[in-house]
Amino acid sequence: MTVFNFSAGPAVLPREVLEQAAAEMLDWHGSGMSVMEMSHRGKEFISIYEQAERDLRELLAVPANYKILFMQGGALAENAIVPMNLVGHKAQPATVDFIDTGSWSAKSIKEAKKYANVNVAASAAHTKYNAIPERHTWQLSKDAAYVHICSNETIDGVEYHYVPDVAADTNGAPLVADMSSNILSRVIDVSKYGVIYAGAQKNIGPAGVTIVIVRDDLIGQALPVCPSAFDWKLVADNNSMYNTPPTYGIYIAGLVFQWLKRQGGVAAIELRNIAKADLLYDYLDSSSLYVSRIARECRSRMNVPFFLRDESLNDAFLAGAKDRGLLQLKGHKSVGGMRASIYNAMPIEGVRALVDYLKEFEKQHA
Ligand SMILES: *Cc1c(COP(=O)(O)O)cnc(C)c1O
């Protein structure tokens, strides 16, 4: 049976990548070693690392005045690492602005409060996070060290389809984005951001790698309490090898970057992601059994939460899906209902199979 895995993360990886990794598991390119067994300072691993960095830079057109760091701790650790690195040059405690659009921005806020005064400039909590607060409602601080957004709320299913402008929307403060669940899914202009960070396990590779893309002038402002291994300056000066990086995860991420280049790059995958999301949302909108509760203009292309109007059918729905090889569709416990995550590695065939099943189940329960 063909299986389609709709997990929100760790999530589906391209089959070709897993096959290549399997083929190279015991002996990478005639080196006689598995990538897991290589010194991170040896020429073999350095070549893997440099290729991954180059490919990611090319895929996202990362300008030369930005560093790409391969770190550890996931996006949740980076929620602390970001304020620790960005407020050291300010009078303490510094102020930082947040836009609260869902579970993940709420977690970012909680963590930043340990290192700074947090001003929640806007929050969608009162509408159960079904939309992004409009820009003109944001109550920004005068001198924030940065403005933080979560570009795609993995749990709630809302996504920014524009980039806040530093002059007009953030009062001149650098824009920081948690892009864990939509990085590489759409074309972005990196120069509009001060910092982009992302845990790998949604669109990049296995859990354990965190990508940080940071503008040069924002490096070197860490608080004295910042652990050395998390100080962007030390990490950047040592090409992400201040301490041992997550070598195997970086290798798999590198294979995913090569796969993405073979797909035609980010612009090509974005078109496919739009087609996949449209297919699913169009059916949900036409249905009387299912409903999407997210405002149309900020629906996520990556994570699609939806509900059965009759929630007593949830278990039957999930059991039938599993029988058809449609896996991990249960919604996050904080939201309930269902969630289909349709990251880059989910082929359109998977979304078609899901929509076919949605139709069939709807017919049975009309
Ligand atoms: C998954 C996710 C995180 C958490 O990542 P960890 O690797 O578990 O720390 C944070 N933010 C967003 C938007 C996510 O999707």
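Just so it is clear, glycine is given a Cβ too, placed from its N, Cα and C backbone atoms.
Please treat TrEMBL annotations as automatic predictions, because they have not gone through curation.
Here is what TrEMBL says about this protein:
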| type | residues | note |
| --- | --- | --- |
| BINDING | Arg41 | L-glutamate binding site |
| BINDING | Trp104, Thr154, Asp178, Gln201, Asn243, Thr244 | pyridoxal 5'-phosphate binding site |
| DOMAIN | 3-354 | domain 'Aminotransferase class V' |
| MOD_RES | Lys202 | N6-(pyridoxal phosphate)lysine |
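Annotated features taken from TrEMBL, shown on the structure.
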residue: Arg41; record: L-glutamate binding site; contacts (Cβ under 8 Å, 6+ apart): Met241
residue: Trp104; record: pyridoxal 5'-phosphate binding site; contacts (Cβ under 8 Å, 6+ apart): Ala75, Cys150, Glu153, Thr154, Ile155, Asp178, Ser180
residue: Gln201; record: pyridoxal 5'-phosphate binding site; contacts (Cβ under 8 Å, 6+ apart): Gly9, Pro10, Ala11, Gly74, Ala207, Gly208
residue: Lys202; record: N6-(pyridoxal phosphate)lysine; contacts (Cβ under 8 Å, 6+ apart): Ala8, Gly9, Ala11, Thr154, Ser180, Ser181, Asn182, Ile183, Met302, Ser341, Tyr343
residue: Asn243; record: pyridoxal 5'-phosphate binding site; contacts (Cβ under 8 Å, 6+ apart): Ala229
residue: Thr244; record: pyridoxal 5'-phosphate binding site; contacts (Cβ under 8 Å, 6+ apart): His40
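Taking a Cβ distance under 6 Å to any atom of ligand 1 as the criterion, the binding-site residues Trp104, Thr154, Asp178, Asn243 reduce to Trp104, Thr154, Asp178. Here the domain 'Aminotransferase class V' (3-354) returns a mean pLDDT of 97 for the predicted model. All protein chains shown were included, and the count of other CB atoms within 10 Å of the CB of Asp178 (pyridoxal 5'-phosphate binding site) stands at 28. All chains included, 28 other C-beta atoms sit within 10 angstroms of the C-beta of Thr154 (pyridoxal 5'-phosphate binding site). The DSSP secondary structure for Asp178 (pyridoxal 5'-phosphate binding site) is strand.
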